[in-house]
Amino acid sequence: MNLSNTDITHAAALPARVPVSCPPWVTAIPARWSGSSSALGSILGIPTEKPSNALGQHPPPVATSKEEQDRLLQGRPDQPQNPKVLRIAIIGAPNAGKSTLCNQLLGRKVFPVSQKVHTTRCKARGVVTHEDTQLIILDTPGLTNPCKAKRHKLEEAMLTDPWDSMKHADLVLVLVDVSDHWTRNSLSKEVLKCLSQFPQIPSVLVLNKVDLLKNKFILLELVTELTEGIVNGKKLEASSAFKDNSSSSARSPVQITQASSPEKGDNTWDNSSDVKASESRLGTEEVQQPKHYGPRDLKNMKGWPFFQEIFMLAALCGEEVDTLKRYLLLQAKPGAWEFHSSVLTSQSPQEICNNIIREKILEYLPLEVPYSVIQVTEMWEEGPSGELLIAQKLLVPRKSHMTMLIGRGGKVISRIVQEAGQDLMNVFLCDVRLRLQVEVKS
């Protein structure tokens, strides 16, 4: 095989724009909401409510041409009679699962996902439209510092985009990877600094990858540490008496008795959850309002004491994502839509393509090698049968990098082409013919 110029083509076939069955995240909204299905609702012993009506239709495909996407983005939104909107910033440490959660909320994979850090390189917006409500999801790069940004050759936007997203947010989701035992017991200083800079924005704690925990006992401990023992303005005091009685699940992993006044009696909820606490008490004393903390204050903080809600989920497999989605839809306030209902993301089709291919490169190349690959799109056009024809050149700095990217017998580059082509087909809902060419850049 000639390593100086390797060309791999893959055709992903699907009848153009065909409807497909609804995915598992198309769920339902209860008639009313009081936090009853969140993890905080579980902690407080509030009974769950069964949903009553479907969340909506299958999400729209992304336009295959930049002109069509620009027309939708720049055109006037098709406003309903009483529109509502909620702008959501999702922040957290790199590789916490922010893009995975965004994709699940949207119902279609439009943001790149990889096990390597810094897969998301700049902010992008996803749009969920349901009936008269529009959620605008701001997927941001993981909060990092200048030293790490330099090591991974990250753009300056990687440092500023999360902060810019917070300026436009109505609500912020703080995502924590509970499977990472090195970082899960405290929020990063970058996250705490970001929350402290915008104390007026309501914040929600989301514990992700709960399904990977073999021992669910630690979840209550994590909640206490990450919230400084305060949730929704009340002090939380919980004992550590537990009983494990079922297999791993992300669903309502904590069951606690809520302290109540003598005239109202006790309110206990049992939903056959994985971890049960025999005693817990939610204090009623008032706590201080959110404020701006200085560097000295943040140095001694492990958590944020001003979260309004807690959710526990497994974004990768979609467990409990519908619960969070219902909550977000019902937090929306009256306001004009920013996007047409046919818009799924603010990204151009070419940006989506670049991100998906780069995601695969990150997965298959070791260490820091993927971060030096340059992508050049040489062809983007519609074929004679309506298929999308894409040709992209991948430029690498060294011949050894090209050898790794191609793989023995072309296996690595072939897998990248096949998997990226399949993802692109699912994004655009049409046939996709993808060709990748690998060269050493001069």
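The backbone N, Cα and C atoms fix where each Cβ goes, and this holds for glycine too.
TrEMBL annotations:
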- 242-252: compositional bias 'Low complexity' (COMPBIAS)
- 84-335: domain 'Era-type G' (DOMAIN)
- 42-83: region 'Disordered' (REGION)
- 92-99: region 'G1' (REGION)
- 118-122: region 'G2' (REGION)
- 139-142: region 'G3' (REGION)
- 208-211: region 'G4' (REGION)
- 242-294: region 'Disordered' (REGION)
- By DSSP assignment, list the helix, strand and coil residue numbers for the region 'G1' (92-99), in that order. 2 helix, 1 strand, 5 coil
- Task: Pull the DSSP breakdown for the region 'G4' (208-211) and write it out as helix, strand, coil residue counts.
- Result: 2 helix, 1 strand, 1 coil
- Task: Summarise the model confidence on the domain 'Era-type G' (84-335) as a single mean pLDDT, whole number.
- Result: 76
